[in-house]
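Noted in TrEMBL for the protein shown:
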type	residues	note
DOMAIN	5-201	domain 'CYTH'
BINDING	E7, E9, D145, E157, E159	Mg(2+) binding site
BINDING	K11, R55, R57, K65, R125, E157, K193	substrate binding site
Amino acid sequence: MAQGLIEVERKFVPGPGTEKRLQELGGTLERRVTFRDSYYDTPELSLMRADYWLRQREGSGWELKCPGAASVSGPHTKYMELTAEPAVVAQLCEVLRAEVPGAGGVAAVLGPLGLQEVASFVTKRSAWKLVPRGGDEEERPLRVDLDTADFGYAVGEVEALVQEEAEVPAALEKIHSLSSMLGVLAQETAPAKLIVYLQRFRPQDYQRLLEVYSSKEKPGTEGPDVTLG
């Protein structure tokens, strides 16, 4: 797999005082944005059932989230993010056991790989960044996104990006510490927007994912039982 950053994230249910608490902790509001996400998969959800999540975000292109090694249990997930289109295409072909085409980006291989849009929704986001207390000024800040989807679901996410597997435990510690300061209970989980969308509007697809993930200890970032993605 082409190398990308490792995304360690935890989802939670934001409350009316979450933004104020972020300010008190020294967080900086980077931007408020509105965007549309469209997710693609085969009719059988071959990608999602294998814990791969293909998304096209309005204004920022394609992203494929790939499962990271499951090393630490708890209400968080760990993913590799691929955004370079040749790497995304190569990984899609590997997961779907297809021949890698000669040229062309992700859009060009959707048809040949049998991929179609399975979800599309608009999100309003407030994006925050915060350097953990006692942290080094050069330390990569934690990011906190507070999202409200156009179908009425709100979810927050604390995220750290690291380059090496060895950095994951320290990133998790920082995520749990900040989550605690935001009033999130230790084992609290919140489903991803995509999962709630499927549950409400594509219940048969949601059931397909449940059948896969209910037999696993921890679904992936976008996985039904968890918090993630």
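Just so it is clear, glycine is given a Cβ too, placed from its N, Cα and C backbone atoms.
Source: prediction; values computed, not measured.
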> In the same chain, which residues outside the set E7, E9, D145, E157, E159 have their CB within 8 A of the centroid of the CB atoms that define the Mg(2+) site?
Replying inline: V8, R10, K11, R143, V158, A160
> Where D145 (Mg(2+) binding site) and R57 (substrate binding site) are concerned, what is their Cα separation in Å, rounded?
Replying inline: 15
>> Please give me the binding-site residues out of R55, R57, K65, R125, K193 that lie within 10 Å of E157 (Mg(2+) binding site), comparing Cα atoms only.
In response: none
> Among the binding-site residues listed here, K11, R55, K65, R125, K193, which has the most company in the form of other Cβ atoms within 10 Å of its Cβ?
Replying inline: K11
> How many other Cβ atoms sit within 10 Å of the Cβ of R57 (substrate binding site)?
Replying inline: 14
> Taking every protein chain shown into account, which of the binding-site residues E7, E157, E159 has the largest tally of Cβ atoms within 10 Å of its Cβ?
Replying inline: E157
> Out of E9, D145, which of the binding-site residues has the smallest number of neighbouring Cβ atoms within 10 Å?
Replying inline: D145
> Taking each of E7, E9, E159 in turn, which of these binding-site residues have a Cα lying within 10 angstroms of the Cα of K65 (substrate binding site)?
Replying inline: E7
> Out of R55, R57, R125, K193, which of these binding-site residues is nearest E9 (Mg(2+) binding site) by C-alpha distance?
Replying inline: K193
> Nearest to E159 (Mg(2+) binding site) in three-dimensional space, by Cα, is which of the binding-site residues K11, R55, R57, R125, K193?
Replying inline: K11
